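Scroll down for the structure; my scribbles are underneath it.
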Amino acid sequence: MANKNITMKINEKNLGAFASSATPVDREGWLDMRGEVGKSYQRRWFTLKGNLLFYFEKKGDKEPVGVVILEGCTIELTEEEAYSFKIVFQCEGGRTYYLCTSSQASMESWMKALACASYDYMKLMVAELQRQLDEAQAEVVAEATSVVTVSPPEDEPKAPPRGQRYNPFNRGPDSEPKTVPGSRHHKESVRAEVPRKMVPFRDIHTAYGRKILSDRSQWRARIVKQKEDFSDHTLIEL
């Protein structure tokens, strides 16, 4: 029996230390509370941490007056007071806690926070989030493994193989250039086919020099004759 008392005392100290520790608080505030026996409400400071609802006599106290473990219970509305609700434990020997707030918004916020504080509710939320994560990962894997093939239209022209393409600028060493009749390249190619004879420059100078001297002599003779005709015509008029 002594061991049970020691164990309960250690639990109470652990709960008290946890209630006053710097761990995150889900919700806190003033609420009016009564039990099943008494009909009068007492004002208490409530602090919600996880699934543990601590209530203190005054704000800032280190030791809580009591704690409600929010497992296996339901949060329900009551009609006996304005803005009131209750925490009901349906198990055998379970208690009912009656709570009252000062406004409709405060009552709804407290009821929602207490209903979502149980371990069973958190387990359901984690399972739902895991299901959504698995579905998202399955969609990503399906998109990554899917292969989309796009076939070109049948009437679209296709490029010939690389070995059959013709480039007019690429000429081999033995290939003959293609020329258009009448063009400069065509004339040069025709003249290149006529055999040429090598002639010394002296012979070229002599042949063209004689022609130039002959033309010069004829020009000078024509000038002299014109002068003579002009002189005879002038004397006759005088």
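Cβ atoms are placed via backbone N, Cα and C, with glycine included.
The feature coiled coil is assigned by TrEMBL to 119-146. What TrEMBL records for 24-119 is domain 'PH'. What TrEMBL records for 147-194 is region 'Disordered'.
Remote same-chain partners of the coiled coil (119-146), defined as residues 6 or more beyond its termini with a Cβ less than 8 Å from a stretch Cβ, comprise 51, 71. Across the domain 'PH' (24-119), the model assigns an average pLDDT of 91. For the domain 'PH' (24-119), the DSSP-based tally of helix, strand and coil residues reads 13 helix, 41 strand, 42 coil.
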